[in-house]
Amino acid sequence: MSDENNNGRNSAPGGRQPLTLKPRAAGSVSSGTVKQSFSHGRTKTVVVETKRARTHAPAGGNLAAPSAAERRVFEPQKPAGPAQAPRAPQGAGDGLSAEERAARQRAIELARQQEADRRAREERARAEAEAARAAQQKAAQAAAEPPAAPPPAPAAPPAAAAPAAPAAEAAPAPKPAPSPRPVPPSAPAPQAARPAAEAPPRQAGAGQTRTYQPSPDRRDDRPSTTTYRPERPSNRFDTSTFNQRAPRRDDDRGPRPPRRDDDRGPRRDDRPQGARPEGGGTVRYSALAPRPAPGGPRGPGGPRGPGGPRIGAAAPPATPEIQRAARQAPRPGMGVDRRPDEDDRRRDPGKAISRAKGAPNRREGRLTIQAVAGDADGAERMRSLASVRRAREREREKRKGGAQEQARVAREVVIPDVITVGELANRMATRGVEVIKFLMRQGVMLKINDVIDNDTAELVATEFGHTVKRVSEADVEEGFIGAEDVDDHLLPRPPVVAVMGHVDHGKTSLLDALRSTDVVSGEHGGITQHIGAYQVRLADGQRVTFLDTPGHAAFSAMRMRGANVTDIVILVVAADDGVMPQTVEAIQHAKAAGAPIIVAINKIDKPDADPTRVINELLQHEIVVESLGGETQAVEVSATQKMGLDDLIENILLQAEVLDLKANPDRTADGSVIEAKLDKGRGAVATVLVKRGTLKRGDIVVAGSSWGRVRALLNERGEQLQEATPSTPVEILGLDGTPDPGEPFAVVENEARARELTEYRQRVKREKAGAPVASASLADMMAKLADKKVSELPVIIKADVQGSAEAIVGSLDKLATDEVRARIILSGAGAINESDVLLAKGAGAPILGFNVRASKQARDLAEREGVEIRYYAIIYDLIDDIKGVLSGMLAPIQRETFLGNAEVLQAFDITKVGRVAGCRVTEGVVRKGARVRIVREDVVILELGVLKTLKRFKDEVNEVQAGQECGMAFEGFQDIKAGDVIECFNLEEVKRSL
């Protein structure tokens, strides 16, 4: 991944001067370049500088020059061999001092000598290796004489002991070799000694202080240990260098004791002592320049440096393969593990590796960890940290005497309606495999992504020792309607009164008399087809809210909604008609809602009025008035003559006082939707009744599956209001759709909450609409499919208000039979538009408009596409038309009419005619062209179809009366026997109606 070239020059890309460490003292900073390789062949060269520790002179003054003995001990040992003439120093134009040039010259000479020695060793045969080592040991023992001088003080490295001039290097002298450990004798092999030039120390000039380079680290003088501790893998890009330690000061502690190389073996972490790279740069090893192998030939140097003895018995055990592969760079003050299988073509660790272009050992190809470790084929793959931890945990459990099962932590697991196995395992903090195993033991084969229901999930969580909290999507509805109010916050509110009864009994006329209005004259057909809400202010200032409900049978849902939101029900019964079916239905709705009933006997001004009959008929439905000892109030009124209205209002107020109606106006509003419609100019308009709280402009309202911000509040007279208090009916504008009548509405805190509620309700509505309708039984469904097909009449219904559309749909559903039914493609409130016409064309359905009209564009499109649009103002007419169409779709009934019987006396075979039956008519008449069947022993054998041949004697006749004989021939049936009975009959088709 990186190349390094430490040549002492700044080589920033682009010719710019790189960032450098300041101040830059001579010899204190070494710079180099690192070439980084990335994927897709991209590379980048960066400049790296290494700052070495600077030495400081003692406070006493100049340091004394080292003696000759000191120089002999601390001079770097060079391999024995013929001395080579030193090169002439380079000119001063290279920017180097004399000491640096001398150090560079020595490093180059040493590298050349080591290269020559390596090539010589490669050429020697394996048989001469032991002899060469024995000769080397013998020569080392001869030169191991201890020096006569006392132990020397720390001496400068080779770079500090450079000569002042090339002429001072003329006197070569052999270096003292360290004392090696004894080895078995072997065949001696002569080896020429290689003398090395030694230069006298440089003399300091007048007024100058001679500075020494840092001495080798003496921490390695501690006794070695055989305890093996695996090292942490070091970074191969570690830029730490050797010998970065200040020289030892000459103080009162005396001279440094001599090295103890003779009485101990080399340690694993011994540092190299060979020549350093130029400028003291970082020593790096790579796959092309690896560390020397243990036990192999070494370069010149001390016991731990190049050329020193091999590691003896005191060395620690071999480092594991994984750790050797991970350790890429030397650590300060420590040696480097060496692989025994590495060849001896290793350079001196102290020599800087050249990265010049065209080098013979230049790295090629992709750089990998295996290539850096030197064993690209056999290196083991590094284990992950989690794998190592698990292995250590298993080892620890084995030492403890077996694995101990970890205690499970009980948690509260939240389980929705449906959940996957993987999600359940995550919530229980358990592996998914454990959950799958448990389910397999229960006989359930599931995968990690399979979905299970909440009951199964609860069983699994309980089995694993957790507590379960079940949640559902319906929980979003919680808190929609606020909590109950405290009694201290309640204030009196107006009563809500619903007027109910049979059609044409005078409900709307009674309300007109109370409100002094004329609503009846504006209604189509004189009947109420919408539910109306009005608030009447009485003479004493009190207010009463009235709900006018339709009396037609189709508006049963409207009457039920009116009874559910009301406080008091006024049951209007005509004195001349008495109790009718819708009157009974209104009584049932009032009882179901638990609302008290006030009976208003209307039309008492008519001549045939009989209030007593009405009271007696109500007894059959458990309505006992006060005159008969009951609790139900009864008032005789006349809406047209305005008779008894004051008594009716007095009874309403009395009943409201008994009920003690109260509400809290200082809270968010909620209530019920009474009616909804789609207005062309105002959009969706909903009529609501506030039950609690105060509804204000700007509130965010959720009603059913619709929501919106209230843009306007309108009363029944079209006046705008700023707020609506409890028991006030108002129209609200601003909803995004028309809610269903009867849906509760409430004010929510923000739009996010409103969207959450409406999206859930819309999703539930879609699921219900898409769910198939369950049949009574599988047998019935199969019978319908096999015997006959249900005929459907597709229709599209558009009404002025949502309640009317709902009533029409309910009425058409009641017309359905096993053979025909009306299929509602679309129903809603609003005018007929182009989208409705296109939908009707695609479905082949007519459009039924109730109190609405189609726009001009929709009419033109319907004429072009051939779509039928029918308009209705009265619900009776619409239902009757649809009933007639459905009746025409019914298959006619075939009615059988008996004509007569004829007994077969004898059967004859006639040529070209076949078998002919001679018969006598025993009953009725036998006619030609009628249908006949063969009856044998009172069992119908065959339906023969139409009788085509009937003869009396030899003449063709149309009919034969009873008591006469005739002959009959049948095509396709020749098995006529004497004694058979031929039954003659006719089939008639009769139309049916619903």
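Glycine residues also receive a Cβ, built from the backbone N, Cα and C atoms like all the rest.
Pulled from Swiss-Prot, these are the features on record:
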| type | residues | note |
| --- | --- | --- |
| BINDING | 501-508, 548-552, 602-605 | GTP binding site |
| COMPBIAS | 1-10 | compositional bias 'Polar residues' |
| COMPBIAS | 28-40 | compositional bias 'Polar residues' |
| COMPBIAS | 98-131 | compositional bias 'Basic and acidic residues' |
| COMPBIAS | 132-146 | compositional bias 'Low complexity' |
| COMPBIAS | 147-157 | compositional bias 'Pro residues' |
| COMPBIAS | 158-172 | compositional bias 'Low complexity' |
| COMPBIAS | 173-188 | compositional bias 'Pro residues' |
| COMPBIAS | 189-204 | compositional bias 'Low complexity' |
| COMPBIAS | 216-235 | compositional bias 'Basic and acidic residues' |
| COMPBIAS | 247-273 | compositional bias 'Basic and acidic residues' |
| COMPBIAS | 298-310 | compositional bias 'Gly residues' |
| COMPBIAS | 390-402 | compositional bias 'Basic and acidic residues' |
| DOMAIN | 492-662 | domain 'tr-type G' |
| REGION | 1-405 | region 'Disordered' |
| REGION | 526-530 | region 'G2' |
| REGION | 602-605 | region 'G4' |
| query | Per DSSP, GLY501 (GTP binding site) is which: helix, strand or coil? | reply | strand
| request: Using DSSP, break the compositional bias 'Low complexity' (132-146) down into helix, strand and coil residues and give each count. | output: 11 helix, 0 strand, 4 coil
| field | Secondary-structure category, per DSSP, in which ILE604 (GTP binding site) falls | value | coil
| By a Cβ-Cβ criterion of under 8 Å, what residues six or more beyond either terminus of the region 'G4' (602-605) are in contact with it? | 505-506, 509-510, 572-576, 611, 636-641, 643-644
| note | Across the binding-site residues (GLY501, ASP504, LYS507), the Cβ with the fewest other Cβ atoms inside 10 Å is that of ASP504
| said: From the DSSP assignment alone, can you count helix, strand and coil residues within the compositional bias 'Basic and acidic residues' (390-402)? | reply: 11 helix, 0 strand, 2 coil
| task | Could you tell me how many residues in the compositional bias 'Basic and acidic residues' (98-131) are helical, how many are strand and how many are coil under DSSP? | result | 32 helix, 0 strand, 2 coil
| message | Within a 10 Å radius around the Cβ, which one of these binding-site residues has the most neighbouring Cβ atoms: THR549, ILE604? | response | THR549
| said: Averaged over the region 'G2' (526-530), what pLDDT does the predicted model reach? | reply: 61
| According to DSSP, does LYS507 (GTP binding site) fall in a helix, a strand, or coil? | helix
